[in-house]
Amino acid sequence: MRGFDSPAHKKGLIRLRSSPPPRLQGVEYVLNVTATDDNASGGPQALASTAQVIVGVDDVNNNKPVFEKCQQYRESTAVLESQPAGTFVLQVHAVDADEGSNGKVTYGFMHKDSTVPAFSIHPDTGVIVTARKFDRERQREYAVTVTATDQAVDPLIGICQLNILILDQNDNSPKFENIRYEYFLREDTMIGTSFLRVAAHDDDFGTNAAVTYSMSNELPEYLRVNPLTGWVYVNQPISQRTFITREIVATDGGNRSSSVELSVTITNVKNQPPQWEKDSYSVVIPENTVRDTPVVTIKATSPLGDPRVTYNLEDGMVPETNMPVRFYLTPNREDGSASILVAEPLDYETTRNFMLRVRAQNVAAVPLAAFTTVYVNVTDVNDNVPFFTSSIYEASVTEGAEAGTLVFQVLANDLDLGQNGKISYSLLEDRSGDFQYFRIDPELGYIHSKTVFDRETKSSYLLEVQSVDGYESARPGKHGQPNSDTAYVRIFISDVNDNKPAFAQTAYDVDVDEDADVGYAVLTVSANDDDEGGNAKLRYQITSGNTGGVFDVEPEVGTIFIAQPLDYEQNKKYKLHLLASDGKWEDYTSVTVNVVNKNDEAPVFTVNEYYGSVTEELDGSPVFVLQVTASDPDKDADQEALRYSLHGQGADSEFIIDEVTGKIYAQRTLDREERAVWRFVVLATDESGEGLTGFTDVIINVWDINDNIPVFTCAPSCHGDVAENSPPGTLVMEMTATDLDDSAVGQNAVLSYRIVGSLDASNVEVGGLPTFSDMFSINPTTGTIMVAMNGLDREQVESYLLVVEARDGGGIPGTGTATIQIKDVNDHAPRFTDHTCTAKVSENAEPNSEVLELTAEDRDTGENAQLTFSVVAGDQEQKFYMVSHKQEKRGTLRIKKRLDYERHNEQRFNLTLKVEDLDFSSLLHCVVEVEDYNDHAPVFIPHFLALAPLPEDISVGTSVARMVASDSDSGLNREMIYSLLEESDPEGLFIIDQSGLVSVAQPLDREKMAQHQLVVVATDHGSPSLTGSATIQLPLLDVNDNGPEFEAVYSPVVFENVAGPQAVRLNQTSTLICAVDQDSLENGPPFHFTVPAEYRHSNDFYLQDNLNGTATLTALRTFDRERQKEFLIPIIMSDSGRPAKTVTSTMTVTIGDQNDHAHAAGEKNIFINSHRGRMPTTVLGKVYSPDPDDWDNKTYVFEGHVPNYFILNKRTGFLIIKENAPPGTYQFQVRIADGVWPDAVSTVTVHVRELRDEAIYSSGSLRLADITAKDFIDRKGKQRSRYELLVDFLSEMLSVPPDDVNIFSLMDVKDKRLDVRFAVFGPPLFLQPEKMHGYLAAHKQKLQSFMQTGVSQVRVDECPSSECPGAGGCHTVLNVRDTPTVVDCGTMSLVSVTVESTAVCSCAGRETSHQPCASYPRNPCFNGGVCMDTQHGYRCQCPAQFEGPECQQNKHSFHGNGYAWFPPMMPCFESHVSLEFITDVADGLLLYSGPLAQLQAWDFEDFMAIELVDGTPTLKINHGSGTVVLQLPGNVNVADRRWHRLDVRSNSKEVRFTLDRCAGAAVMEMEGVGSWLTTEDHSSCEVIGTTPNTNRHLNMSQVLQLGGVNEDIPYIYPQLQHKHFTGCIRNLIVDSKLYDLGSPADSQSSSPGCITTDSSCVNMGYPSCGHRGRCHGEWGSFSCQCVPGYTGHQCEEVAPEYSFDGHSHVHYQLASLLPPRRTFVQVLVRTRKHSSTIISLISKEQNEYIRLEIFQGFLCVVYNLGDGDYNLTLPTYRLDNGEWHEVFLDRHDNEMTLRLDGGGGQREVTGSRGRSKEIVIDPSVIILGNTVPSGLNKSFQE
């Protein structure tokens, strides 16, 4: 029994041993088991018995089927073509080491969806047969994937991938290339001359395709054919024949043959057939060449008198000779040539080369022909997809298999060759994440596991695999990406028995009657096993507790049943132990079986239903209610063993029962009004509650007491209504009350009613009116309220409030309030609110358009106040009508028919308008003035004018014609201006004045336009304006103003080492120099040619004028290209005009190269900057191999190690890096050969480094002049390149190692300028660009001298050269593209990140929009702020000490001898710059932005400086054409230890310099006639000036210096009087953009924050304004501004939050007045309502107001400061989106600023309208959420 434990003591259980673990072998074990008793009876010996146990071993499916001979199948499988379907191919065999069904294998194929299988396989035998006939000539092999699958529940799969070859049969005859052959031979052709080669092809293979040639045996044998080569040659003299016809036969190795006719025409010696320029043509084209593309031009000429020839593309018989047709021929009439074009798509994989035979035949009585051959070589392009052999693969892997296990191999096929067909495999990522558990061999497609799997966690995985070929695709739509295919691999995890079964419960308890039958199922227990299949098949067994074998269990189900009769008296309880086993693991549970004694009769109650009662509200619980009694009818039953129980709602809570006596008690105080009747069921159970049960019903009534007050049913809102003027006795409403006491018994619920008075006791008689309570009476029994007396008038009292009492019979009263609304009666007539009415309307107003709107009033209400408006007189032709808005009491006058001002009676209307309600009406007279509309266009007479021709050199300013138009309109509609239609004169050659006189504005040129068609346009001043036009036709006469020019772009080549003299060929066919002239013929040919005198005796070239309009150039000597590559020859050409025009054109003669020098080994360094680590497949440049020759044909191959991430073009030597190559340094070698000189091996080193966005956006930039990117990196011998010089310069200037300087972008821009971008790493961060730009600008002259090149810009800025008319400003933005830019120059190549700078015409500060956080390359929040997305773009969550909307540090301290550098200001065209400062030093420099080095003549001189001179602020500003100095009055002293604000506003020319917003200036406002008059004196706080000369805008691209300037640089700052500042600067804002003053690019003796004032903001280490306040420090004091949502002295209180329902408001009364010249409102709002009022402020006179609103979703302030109504709206961002928004209104005088969510950019707007500055706001009427007054409800809602 090895492997098994002995049976457990007394249990007989056989288990597998646990230690050491058994290794089972075979299919079964036979065990002999002996049972021995304990001999407890004392017998002579212990007795024993033996049994045999057979243990079967179940197989586990842990082996895949394996094709042991798979490699043999791959190498030797083939089938002959043309065999019928069902032909035997191969029998495969797979073995599976498992047993039974786990080892039984079935066979199948994997194939792609929708593909018809070429083979079939028998699932049991593995025999593969053909499924169709094969043709080897169509497909030579088939890829087949055979599968072997075992028959387990979770089957495992094995595969074998093989290629089945199709063997050849001789089923194809040879095919000649041409249908027939024809040739022309001269009669004197020598014997033995081969003149034509015939060729035939056989699609078969091997000997079946070996072709031999023969000729028909006709005598004499003038011609013969070479049997092997197919060359036809002359065998006998042919001079006596004129025509020879023979048949040529081609025979293959299997004796299949075909023939073709050969026709040879014998020509006279004097006859000449056409002559081809070339005997043959060769061309190479890619296979994806599109239809109708010319591939080659061929030409033949006839030496006969008629030079014409005809061309024909001979028909072929095989694909290589154009059968089927892939090319066609088209003659070119212009030059007598012909072109061969692509007719149908080509396929390299089908036909790789073509031999096209073209016939040229002359035009003669006996036409002769000549032939040429065009060889077309087709090159492969990547047009085939690497298709997988199947679209879905299935595989399996056993759970628990170690990581790295081979799972499957996928296979794809690509018909392309070389790199185009090189396939790499990868796993695609998906949301499921299945891919991360596997890896795939990129070259072979093997899939391995990366983890150990657990089937119970996940039973299958789905992978998407991708095949990608090795080069960019030629298929449309791929955009440079390679071809790819995808397939799915479904991997099943096979189960291993690694989970033990588990019972649902550890113990079971069940009762069974003692008289239950044998076989009765007592209980079914079940266990769960997380495995599956056979591993989860369980067997159950009772192991102990089954005394007497009374129970048994179904072994596979777990059902316990009775096996022997039960006996309660013998055994009342059994405790069975059960085992569940899956063959390896087991679990136990216990089942307790209680045997129940049989009980026959249930107890019986004395009555079926018991009744009882109890009074409500009784105390002293429990209270006895009644007793129930039952008896047990069983014989000899123990009556004392009955037990009672109470059941139903209230049992054990309100009522209880004594279980022995049956007495029921109320144990809680009862309330009859909650429940008047209780119903229960009482149970009686015998055997002390364990036996049978009887039941009865119990009903308990609760008696009432008077414990409830009357309550009105309509409370709390009791409403009634009655019409005004109703007589006494009119019914008004019912006031009915209810009393919850019992109405059926006693008087507790009997009610009486009376009116006890009005709600407000102070309402006694006023003006003779009775009190409210006297106007009505009530019926004391029913509660009906009626009118008691006359006098109800709604216009005096709209409603009454009565207090009504209801008293019950027990004297308990209840009250309610009745609200009685007085309904309106139509007793008032409507009236127009206006007493006069005038309106104006244009005659072109459309029908239904509005003319004016009128309102009326009616003291009635409801339908009696619904008013109707109409036109009743003054409109005989019914031109008008009115639309009534009854509810709003307004009417709109609209146009019914079109108006015509030209009709006299329609210029003015006197209308009578009527408003009426249901009974009354009133009239209003209204005058409507009709305004003229521009409805007549100007008219020219004549509308076409043809002028006599004028010479093209007519003088500028000469008048050519006058055109006059007329207009039937009058006034402005009649006045007109003249212009020329731009399309008729796009170059502005003519002008027209306002008298209609057309003149010449610019020189004319007949050669550009021989005749002008000028369209003259007359435009009137109407709105909109109308136009009329006329045409002037002006032809021009020629003047000899153009000299001759070369007929074509000549590019002659003279090869070196060729002895002279030799004629220089200007193209392939001609040595003649020809000229053309744009002038007319009389000023054109013939032309004359010569060279300057100094060239006439040159030893290099000689020019010969042929005196026929052509010239010839001759090379006089031998040239050496390595000494001089080209010659520039000036050729003087003159025409025949009078006078003649002479010009000089330069002809460039290139010296052609010959391979006369050896190439050498070279070294090349390639630097690649990979943006964000992403790099597309990119050509890096050419491998460097020094060679004086430069026209060589070299080949390049990798030497030794072939790098993984690189591709080498063998022909060009260009190196290509593959997509997403990882960063690192790669070095390899390349062998270069030219076939002449010895090979050389060059070394290539590639440095790939990742370039992050941080480096790009922290980069500096230079724009260099007169240099290209190649020049920049070129070493020019042994000199250092400018690239290296710039690295050295930056390294030395910035004190960083050279390796920390990265020049990552070189971009050639127009006018031979170069943009250079670089990042400098100064650990731990990149240096800020302002520091680099500042020092480079200061040392610009030194940089230019060091690099020997001009620097046109430090910090590339496109704005100075950009025109932005009408825009708010200009700024430069960077665009980073994914496609890199490669600069290659000999020993070095730089792969640049493509960074383009573009000028954007907009005001960056004011027009910046907030986008989602993810759209920014780096965090838009400063100083550690957290970017959060909202519906309006990002917002910043900032640390406590940073107050800006983007978490800017808004303060900076300066200590008297320092400075701080920040980004350039770049103000908008209408700019606003502001800052605040505090100091006690009278002299200092606050701000300087301008030059940092001595200016050159071409440099911008723009600058701006703000200084303190003796305590007085001074502004110096220069727009580029002169400086203006603005100084405030000398009595101003700001060195007073207080914060001051300076504002600089500029509208291009005018500059306004303001101190403290002129808050202290005297303002006087007084009421004038109809308006407010305002006078103010700003002389002490504001100064205004104009910048001199023409320049209008600031061009400031240099660093901004605050608090001083850097004096360590050579510049002396001649503009400045002071160089430093002592104090603090805060809130520097440029066009709404707040500067971050926390991290300057460079600084000295300065620090963030304000040391002077920040100390006031901390009290004993605690913030003076708490954690919710922003402290505004002063010199020794502070003030607090709370963040939105908080208030209080230290912002410690949460501000109240109000919700508004659309009809509500909050009314504030302030204790003190608000300042009249400043208003600041800060509020948090959230709403979805499109229009509403946030806050309303109003003056005491109610004629001035400020109202903050949401209008159509946008933030708006509407205001009147005394001089009219104005508004300011913040567009772009809506507030009605349900989000919280911070809203700010900041008013200084009449300047209003709205800020949303912190402001800045498009979240902020400022405007100043009107002249009034003050408003005295009534502090007692501050309304939040509605308007003042609130008659027009615009309430806020949220």
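Placed from the backbone N, Cα and C atoms, the Cβ positions cover glycine too.
As annotated by TrEMBL, disulfide bond applies to C1438-C1447 (among others). Packing around C1447 (disulfide bond) is summarised by its Cβ count: 24 other Cβ atoms lie within 10 angstroms of its Cβ, all protein chains included.
Annotation comment: TrEMBL describes C1682-C1691 (among others) as disulfide bond. For C1691 (disulfide bond), the same-chain residues that are 6 or more apart in sequence and have a Cβ closer than 8 Å to its Cβ are C1665, G1666, H1667, R1668, G1669, C1680, C1682, V1683.
Under the heading domain 'Cadherin', TrEMBL lists 71-176 (among others).
Positions annotated as domain 'Cadherin' by TrEMBL: 177-276 (among others).
The annotation domain 'Cadherin' is assigned in TrEMBL to 277-388 (among others). Across the domain 'Cadherin' (277-388), the model assigns an average pLDDT of 86.
According to TrEMBL, the feature domain 'Cadherin' maps to 389-503 (among others).
The domain 'Cadherin' feature in TrEMBL is assigned to 504-605 (among others).
According to TrEMBL, the feature domain 'Cadherin' maps to 606-712 (among others). Sorting the domain 'Cadherin' (606-712) by DSSP state (H, G, I as helix; E, B as strand; all else coil) yields 7 helix, 49 strand, 51 coil.
Taken residue by residue, the domain 'Cadherin' (722-832) breaks down under DSSP into 3 helix, 48 strand, 60 coil. The annotation domain 'Cadherin' is assigned in TrEMBL to 722-832 (among others).
The domain 'Cadherin' annotation in TrEMBL covers 833-940 (among others).
Annotation source TrEMBL lists domain 'Cadherin' at 950-1046 (among others).
Annotation comment: TrEMBL describes 1046-1167 (among others) as domain 'Cadherin'.
Taken from TrEMBL, the feature domain 'EGF-like' applies to 1409-1448 (among others). Through the fold, the domain 'EGF-like' (1409-1448) approaches residues 1253-1254, 1256-1257, 1376, 1634-1639, 1649, 1663, 1667, 1670, 1772-1774, 1777, 1779, 1781, 1796-1803 of its own chain, all at least 6 residues removed from its boundaries and within a Cβ separation under 8 Å.
Counting same-chain residues at least six beyond the ends of the domain 'EGF-like' (1653-1692), those with a Cβ under 8 angstroms from any Cβ of the stretch are 1440, 1443, 1451, 1478, 1480, 1537-1539, 1624, 1722-1724, 1782. The domain 'EGF-like' annotation in TrEMBL covers 1653-1692 (among others).
Here TrEMBL flags 1-20 as region 'Disordered'.
Taking residue pairs at least 6 apart in sequence, the domain 'Cadherin' (722-832) and the domain 'Cadherin' (389-503) share fewer than three C-beta contacts under 8 angstroms. Across the domain 'Cadherin' (389-503), DSSP assigns 8 helix, 52 strand, 55 coil.
The largest share of C-beta pairs under 8 angstroms with the domain 'Cadherin' (504-605) comes from 71-176, of the ranges 71-176, 177-276, 277-388, 833-940.
Long-range Cβ contacts of C1438 (disulfide bond) within its own chain (separation 6+, distance under 8 Å): C1421, N1423, G1425, G1444, C1447. According to DSSP, the domain 'EGF-like' (1409-1448) comprises 3 helix, 10 strand, 27 coil.
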